[in-house]
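Visitor: Provided herewith is a single structure, encoded as structure tokens, for subsequent inquiry.
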Amino acid sequence: MVGTGGPVPTFSLWDYVVFIGIIVGASGIGLFQAIRSRKEASREEFLLGGRQMTAVPVAMSLTASFMSGITVIGTPAEAYRFGTAFWLFGFAYALMSIVTAELFVPLFYRLGITSAYEYLEMRFSRPIRIIGTSMYIVQTALYTGLVIYAPALALNQSKTFYWIGSMGVLLATGAVCIIYCTVGGLKAVIWTDVLQVVVMMAGFVAVIARGAVLQGGLTKIFEDAGQGGRLDTFDFDPDPRKRHTFWTIVIGGSIMWVSIYSINQSQVQRYISCRTLGHAKMALYINMVGLWVTVSLAMLSGLTMYSIYKKCDPITNDDVATSDQLLPYLVMDILADYPGIPGLFVAAAYSGTLSTVSSSINALVAVTMEDFIIPLWKNRTEKRVTWLNMGLSVFFGALCIGMAGVASLMGSVLQTALVIFGMISGPLLGLYLLGMFFCTPNSIGSLSGLLIGLALTLWIGIGNHTTQPPWTTAAPLTTLPFVRPPLADSWYSLSYLYFSVLGVIVTMVSGFLISAATGGCKQEKLSPNLFIRKSDLFCFGGCRTSEVTLCALVMF
């Protein structure tokens, strides 16, 4: 009986047909784009789709890129365990879209960049560009490994392809992405994302619709959620140590998502592939609506799951090993009588993963070529560059598969993914803001600020992760008591959403002060194109009186 716990059915023949059909269809899009563009095999065509993409497919690709299998699996589990506070990220998505579209997109279009990190060399120096690119590669490899690991949880819970094991699932995921990234480039990735975002949303709708029928309607689901304290969305407690409050999500979440969309190559590469600046801005605003819809469907799926399992928690009942297996368990429990629907859901989780992994691989190839290889490879031909692009796609695909093994040790896939972005993207965003808004920061000060900010966020992030007591349903491997250090209840207890905020503030303040103390106000005049213009809503083309005054105070 549904909602009473215990073993659930496994995949049927039709589930396999639906699942395999969707994955083959996604790969087919990549192959089609490769054949269609075979006569235009230039570097720009491979990495940027020839800069001829339009707003709607790019918007859907932006949504799919970071609404991955982690979202399909992790966000409903978040709603099931902690309630709907995560819904407040809708505010963060809106602020992120406005900042990215009105400040960063005009700047990047004006400079005609391919890699987001080209800006760091234009504004500061080549060593800073190399460091920024290296930070992105490390962050993306870790995050993509986590993304590849997410569908393995769903496939394992639904007993899908159990004969090949988790490692076989990881290898298959990477292989599919490598194929259409290698042969089709960015255009293949974007058009494949269009299919995958539709599949993801269809998976959520299937869960919500069936759950509503079983529970007697959405009203009953919300009543159960309210009685269980899952609708306490607005918590205005200013304590920065609370995991999710209105302030941590709206302030911390906004800064974190700005760092993801404004300077992350996976996203930048998409909107600069648009044929015009107007298309790029429109893509971001359409994407904002897509994010609202996706997070709402994920939240409703989590509340549906709570309504069904409120009296028989699969976690405490040992029906699942981790919270990230809750939704796959629910799917097999309530949808097994509808052949093909469980296959649709697992394909949704898998499609989200394919979208993000393919995006990451394509972006990693782009920054490696533009930031490391092209500046040193003078006697290159388009044909050799194209072949090297394909080879790098295979290399980074293999690297991300390897990192998936590390991901299994990191805990909840949703929070871990956001922690990774907070620790690394926060200081990087602070570096960009220093360069875009102020002329005082120089290479010495900005690099120092970046390193100080990164050291601080890594210290807090790693400390936060290692001082939390292990949560597991399995028997402990040791009988030694878990000892929390003195900082565990203060510094290490800072909400993970504030990691980005801390990184931005520390990087900007320390970078500005060190620059002022090392001659930042006396450096040669820089090109106005490197700064936010009046037409970009703000005007910081030259040193203003307030900057000069602050420089004088620091130096004297």
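Note: Cβ is positioned from N, Cα and C throughout, glycine not excepted.
From TrEMBL, for reference:
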type	residues	note
TRANSMEM	16-35	transmembrane segment
TRANSMEM	55-74	transmembrane segment
TRANSMEM	86-109	transmembrane segment
TRANSMEM	130-154	transmembrane segment
TRANSMEM	160-181	transmembrane segment
TRANSMEM	188-209	transmembrane segment
TRANSMEM	284-309	transmembrane segment
TRANSMEM	344-367	transmembrane segment
TRANSMEM	387-410	transmembrane segment
TRANSMEM	416-437	transmembrane segment
TRANSMEM	444-462	transmembrane segment
TRANSMEM	496-517	transmembrane segment
Visitor: Select the range from 55-74, 416-437, 496-517 that forms the most Cβ-Cβ pairs under 8 Å with the transmembrane segment (344-367).
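Guide: Looking at each of 55-74, 416-437, 496-517 in turn, the most contacts to the transmembrane segment (344-367) are made by 55-74.
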Visitor: Is the count of Cβ pairs under 8 Å between the transmembrane segment (284-309) and the transmembrane segment (416-437), pairs 6 or more apart in sequence, 3 or more?
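Guide: Output no: the transmembrane segment (284-309) is apart from the transmembrane segment (416-437).
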Visitor: What parts of the chain pack near the transmembrane segment (496-517), using Cβ distances under 8 Å and only residues at least 6 beyond its ends?
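Guide: Long-range Cβ neighbours of the transmembrane segment (496-517): 240, 243-244, 248-249, 251-253, 255-256, 259, 415, 418-419, 421-423, 425-431, 433-434, 438, 440-442, 444-446, 448-450, 452-454, 456-457, 460-461, 464, 550-551, 554-555.
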Visitor: Same chain only, please: residues at least 6 beyond the ends of the transmembrane segment (86-109) with a C-beta under 8 Å from a C-beta of the stretch. Say none if there are none.
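Guide: Apart from its flanks, the transmembrane segment (86-109) reaches 75, 78-79, 116, 119, 233-234, 244, 246, 249-250, 253-254, 256-258, 260-263, 268, 271-272, 277, 280-281, 284-285, 287-288, 291-292, 295-296, 299, 432, 436, 532-533, 535-538.
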